[in-house]
Amino acid sequence: LAQPVTPELLVSPSSQDGDLGSECPEDRGNWTGRLDFLLSCIGYCVGLGNVWRFPYRAYTNGGGAFLVPYFIMLAICGIPIFFMELSLGQFSSLGPLAVWKISPLFKGVGMGTILIVSLVAIYYNMIIAYVLFYLFASLTSDLPWQHCGNWWNTDLCLDHHVIKAGNTTFPVNITNTVSPSEEYWSRYVLHIQGSSGIGDPGRIRWNLCLCLLLSWTIVYLCILKGVKSSGKVVYFTATFPYLILVMLLIRGVTLEGAWKGIRFYLTPQFDHLLSSKVWIEAALQIFYSLGVGFGGLLTFASYNTFHQNIYRDTFIVTLGNAITSILAGFAIFSVLGYMSQELGVPVNQVAKAGPGLAFVVYPQAMTMLPLSPFWSFLFFFMLLTLGLDSQFAFMETIVTAVTDEFPYYLRPKKASFSAVICIALFLMGLILTTEGGMYWLVLLDDYSAGFGLMVVVITTCLVVTRVYGMKRFCRDIHMMLGFKPGPYFRACWMVLSPATMMALLVYNIIKYQPSEYGNYRFPTWAEVLGILMGVLSCLMIPVGMVVAVLREEGTLWERVQQASRPAMDWGPSLEENRTGMYVASLAGSQSPKPLMVHMRKYGGITSYENTAIEVDREMEEEEEEESMM
């Protein structure tokens, strides 16, 4: 018999030259290696916060006892939302904007996500620029922040080397003194004395500007070919930090006085568990450390094959991230214990969080070690690799989201579009390179991904479970993985996760504190600007709703109902993966049953086709029950 000829106009988008489609839509790009996705997720989640936030949060919230609420919050909030994001991305093969074909009424959630990620990408790359600055400064035989007596030092500068060499018998009062590393950071790197506040940024620091340009250049070259290039870079950037962390850990625990720091870090104070603040802090650490809500996880999963085992990957990444945070705490606090012994002060006087730890305390501790430039270089190289793969994720999220919205125009020019985004964000970040740039960085850090991000995640959770439907979402996962999520995931998605995040949101609003940097208090207009940053991402949701409703026809209620239903082409991107309600809903779809596509391609039925048959049968039974009612 003659083979029927398919007109070109009717060929499925997932096919090429009328032939059966491959497992991935090639024009969009996909991971090229088995470990690309897993390492990208690990690199994205394991970032600067694991090193400079978790150890400090642990010791201020009960030491070893903090691990109890930390792992409980990981189970309630972290793992379920992480798995939900991966499932949405992999099922649809769409970015954070286009994925809202699941319910077009809420496309504003995707717009809010992109706004948040863009703001975070601006200041996150500035932190990488600071790391590069210190990395280059470490390429010397004598670290520049080791001694006083430089042009940037003041009379308050006190060098611990001088105290130690002097063998003074009387106690030295160090309360009104400043370490050389602190003056190097504030007076030389930032040159913050040239600015009177956030309204007076001062001049651009050209050495910082060049470091920022270099960091954006590195990021662009690594995402030049999308996940095909960044997926290879993460083999280094996601694994090398572990090697350095182990080296710093071994060096730290062999130092005299290291036990003081470790004891301070891990001594459990169980009375802290009665405080709601500790549980909130644990949830916040999980929330920001795993990077849920930023769209990075969804973007990475969208480049997977349809049947990738993201269930297994979820547990590998989330638990690996938690273990890394705990290990980093040992590496940091062992060195802080040694430092406190050298200075003769309690550990809590040298312990800090955030940039204060990375650019003041730890560099000062490095000067007390033999071969200090070597250890300093290793530490900042670790921070560089930790920061870069998180930045890759932010950029890939922005680029993927926009190119998926305009695939015909932007996808062929993805490299050029990525360059435009990098240049635009670099120019917006120039204010951070000024003498008052640190004030702007603190403002962005405090407000860009605060309550706005929580609103985005809560809305996503509620839309998937309530509007789209829990039964439907579980069925989609069944199609992909061959099994449905168990009661644990369903209970978390329906009640526990959204309730916990709402409690976080309320707590953040009630306990709101104005931003500050050291002794500097931000003016009212800066606070208002910061709050507007957070509110703007939330406002995207009602704006998106208005646009979606205006595009529909009928009465207002009919429009809302139509806009809240999944779009006609929602579902797996390849025709062969579409079963049940997703059959023949792709533009130009030929096959009445994707099962036939599989049988023609593989010459038989596999376990995934059995799943497809089960899902179809299940849906037919449900339709019969509804018609009988």
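For all residues, glycine too, the Cβ spot is worked out from N, Cα and C.
Any TrEMBL annotation is an automated prediction that lacks curation.
In the structure as shown, the Cβ atom of Leu386 (Na(+) binding site) sits within 10 Å of 27 other Cβ atoms. The feature Na(+) binding site is assigned by TrEMBL to Gly43, Val46, Asn50, Ser289, Asn321, Leu386, Asp389, Ser390.
The disulfide bond annotation in TrEMBL covers Cys148-Cys157.
Taken from TrEMBL, the feature transmembrane segment applies to 37-55 (among others). Through the fold, the transmembrane segment (37-55) approaches residues 31, 127, 227, 230-231, 234-235, 237-239, 241, 265, 285, 288-291, 296-297, 300-301, 303-304, 308, 313, 316-318, 320-321, 324-326, 328-329, 332-333, 353-355, 357-358, 382-383, 386-387, 389-390, 392-393 of its own chain, all at least 6 residues removed from its boundaries and within a Cβ separation under 8 Å.
The transmembrane segment annotation in TrEMBL covers 67-88 (among others). Taking Cβ pairs closer than 8 Å, the transmembrane segment (67-88) reaches residues 58, 99, 102, 273, 278-279, 281-283, 285-287, 290, 292-293, 297-298, 300-301, 310-311, 313-315, 317-318, 322, 326, 457, 460-461, 464, 473, 476-477, 480, 485, 488-489, 492-493, 496-497, 500-501 in its own chain, all 6 or more past its ends.
Per TrEMBL, transmembrane segment is recorded for 109-136 (among others).
Positions annotated as transmembrane segment by TrEMBL: 233-250 (among others).
Counting only same-chain residues 6+ beyond the ends of the transmembrane segment (282-303), those with a CB under 8 A from a CB of the stretch are 24, 28-31, 37, 40-41, 44-45, 47, 49-50, 53-54, 57, 61, 66, 69-70, 72-74, 77-78, 81-82, 85-90, 92-96, 99, 110, 113-114, 116-117, 120, 227, 310, 317-318, 321, 325, 390, 393-394, 396-397, 400-401, 449, 453-454, 456-457, 460, 500-501, 503-504. Per TrEMBL, transmembrane segment is recorded for 282-303 (among others).
Taken from TrEMBL, the feature transmembrane segment applies to 315-339 (among others).
Away from its own ends, the transmembrane segment (374-394) comes close to residues 40, 43-44, 46-48, 50-51, 117, 120-121, 124-125, 127-128, 131-132, 134-135, 138-139, 143, 215, 218-219, 222-223, 230, 233-234, 236-238, 240-241, 244-245, 247-248, 251, 291, 294, 296, 299-300, 358, 362-363, 366 of its chain (Cβ-Cβ under 8 Å, at least six residues beyond either end). What TrEMBL records for 374-394 (among others) is transmembrane segment.
Beyond the transmembrane segment (415-441), the same-chain residues lying 6 or more positions past its ends with a Cβ under 8 Å from any Cβ of the stretch are 118, 121-123, 125-127, 129, 190-198, 200-205, 208-209, 212-213, 216, 219-220, 223-225, 395, 398-399, 402-403, 517, 520, 522, 526. TrEMBL lists 415-441 (among others) with the feature transmembrane segment.
Packing against the transmembrane segment (447-468) from elsewhere in the chain are residues 81, 84-85, 88, 102-103, 105-106, 109, 112-113, 116, 119-120, 123, 287-288, 292-294, 493-494, 497-498, 501-502, 504-505, 508-509, 515, 530-531, 533-538, 541, 564, 566: each is 6 or more residues past its ends and has a CB under 8 Å from a CB in it. Taken from TrEMBL, the feature transmembrane segment covers 447-468 (among others).
Among the features that TrEMBL reports, transmembrane segment is placed at 488-510 (among others).
Taken from TrEMBL, the feature transmembrane segment applies to 530-550 (among others). Tertiary proximity for the transmembrane segment (530-550) is limited to same-chain residues at least six positions away from its ends with a CB under 8 Å from its CB atoms, namely 100, 104-113, 115-116, 119, 443-444, 446-448, 450-453, 455-456, 459, 515, 522, 556, 559-560, 563.
Of the recorded residues, Val46 (Na(+) binding site) and Cys157 (disulfide bond) place their C-alpha atoms 35 Å from one another. Tertiary neighbourhood of the transmembrane segment (109-136): same-chain residues 48, 96-100, 189, 207-208, 211-212, 214-216, 219, 293-296, 355, 358-359, 363, 376-377, 380-381, 383-384, 387-388, 390-391, 394-395, 397-398, 401-402, 425-426, 428-429, 432-433, 437, 440-441, 444-445, 448-449, 452-453, 455-456, 459-460, 463, 533, 536-538, 540-541, 543-544, selected by CB-CB distance under 8 Å and a gap of 6+ residues from either end. Within 8 Å of the centroid defined by the CB atoms of Gly43, Val46, Asn50, Ser289, Asn321, Leu386, Asp389, Ser390, the record's Na(+) site, lie the Cβ atoms of Ile42, Tyr44, Cys45, Gly47, Leu48, Gly49, Ala238, Pro241, Thr324, excluding the listed residues themselves. Less than 8 angstroms from the CB of Gly43 (Na(+) binding site) sit Val234, Thr237, Ala238, Asp389, Ser390, Phe392, Ala393, each of them six or more residues away in the same chain. Taking the Cα atom of each, Asn321 (Na(+) binding site) and Cys157 (disulfide bond) are about 38 angstrom apart. Listed in sequence order, Cys45, Gly47, Gly49, Asn50, Arg53, Phe54, Asn321, Ser325 are the same-chain residues at least 6 apart in sequence whose CB falls under 8 Å from the CB of Ser289 (Na(+) binding site). Annotated pair Cys148 (disulfide bond) and Leu386 (Na(+) binding site), C-alpha to C-alpha distance, rounded: 31 Å.
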